[in-house]
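J.: Below you'll find the structure I mean.
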Amino acid sequence: MYRTLAVIFACSTAGAAATNLHTYGKKVSTPCDTRHYLNYIADTAADKLKRAVESSLLSIKSSRQAAIIAASGAAGVKLAGEVTAALETSNAITTLEKTLDNWDAIRNGFKATQELSGINGIIDEVITAEVGSVAATRADAGTAVDSNTATPTITPNDNGICMTSETKTKQTDEADGETRTRKEIKVFALKALAKTSGGQGSHIVCGLGAPGPTEGPGVTCGTTYTAVGYRGGKVLGQQEVTLKKKTPEANEEYAAIETDNIVPSKKAINSIATQLAAMEAALAKIRESTTTTTKDSLDSTEAKDAIARFTNGDKADYSKNKDAVDKFISANFGEDGKIIKEQLAQFEKDLKPPKVATGSEKETLTAMTDNDALKKAQLYYAVSNFVRDQEEKKKNQASPSCPTKTEKASDPPKSPDECKKHKTSEDCKKEKGCDFDDKKPGGERCFPKAETEKKDEKTFSGKLRVSVPQVFAALVLAAF
């Protein structure tokens, strides 16, 4: 059943509400390591969103099953199903609304993560760019030069960005606990290599005592020479910068970096870091949709608050009216709702929508997972419930209850609403069928007489006797 699956899902994601994106767990020492770390952050964030949507979907489908139970049951079963459907729908809407409220920040964070990840992946290859050397030739005017051109080269990774093969990533596998506990990101930028000096540097005019290579073991370029060439080398280097949270334990902004003369610039990196922090804060606000089983629906705070409002006024809640609410539940459903819980378990297990409802008669409601089948079953029971009510009305109109010769016709029984509107003993006693007790809390002092309430008792499954005014079910639903 979807509610069973939803409970399992909720338990498996109990810690997901406070998702920590910084749980990479491996050493970050190269641009490719940074790329994999940032991709990990994006994947973790995407998984959080997926779980939020999945939990909402489970709650929505669970609410449909609860609606079917409500439409096919009576009295306490009907009420429990209606309350469950209301709670499940509310939970799903809350999660989806919170996700949409934070969608822009999350989307921008995804873009920033992928932008910085892509930059670091390219840096890994761009730093291979270099300018070749030109061999030294005699420096007199009569000697022809074999070549006066230095050739630039770059080495692309044919396996793919940050890959060592088609299936293996290029990354450091060494574990690093700090990437699990510290909310910081080590990133890389490009920088121009510093000017070199001395005979062993790169990118210099190389003077030698004789023609020959300008690089290699034992080759030192000098300023006294008879032959001149050019020594090349790499053009760009990598600059490591670390994005650190202003407060490591909090989902707040990263402190700005101050490194100059890098690409991307410090302004660009700081802007990306701001978007990353905003995404982290937004994700922390999203909670997966929680679930409520039908048998526990009347134990929910929302349901008990609704009972409190019904019995004690629109501003009442369970915390301040615990005794009255518990008394109501015990009177109608057994202590702590025990009777209805016991009956619901068997009712749900045995409920099997007929073939005319879904096209199949093999599945019980607890085994039904297909959305289309749930839709058909829900519509069938909605129509069936309506027809049943209409037939009952016609039956009552055709065969009205009449008093026997030995008993006097009585006034119709009073509902709690008809009695509770009277605030004084005098007004209450004027209303036939109501009684007054000034020891009861406000809102309960005027109530239907015991003999009147007894006539309202319903029988469920031949075993469960409950007294639940229909107006209460409507008020509970309206409260949500």
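Heads up, the Cβ atoms here are built off N, Cα and C, so glycines get one too.
The feature signal peptide is assigned by TrEMBL to 1-18. Among the features that TrEMBL reports, compositional bias 'Polar residues' is placed at 147-166. Taken from TrEMBL, the feature region 'Disordered' covers 147-179, 390-460. If you look up TrEMBL, you'll see 167-179, 405-460 marked as compositional bias 'Basic and acidic residues'.
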J.: Excluding the flanking five residues on each side, which residues at least 6 beyond the ends of the compositional bias 'Basic and acidic residues' (167-179) place their CB within less than 8 Å of a CB in that stretch?
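T.: Answer is 22-30, 32-33, 36-37, 124, 157.
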J.: Under 8 Å between C-beta atoms and at least six residues away from its ends: which parts of the chain pack against the compositional bias 'Polar residues' (147-166)?
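T.: Same-chain contacts beyond the flanks: 31-32, 35-36, 118, 121-122, 124-126, 128-135, 230, 232, 235.
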J.: Pull the DSSP breakdown for the compositional bias 'Polar residues' (147-166) and write it out as helix, strand, coil residue counts.
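T.: Per-class counts: 0 helix, 3 strand, 17 coil.
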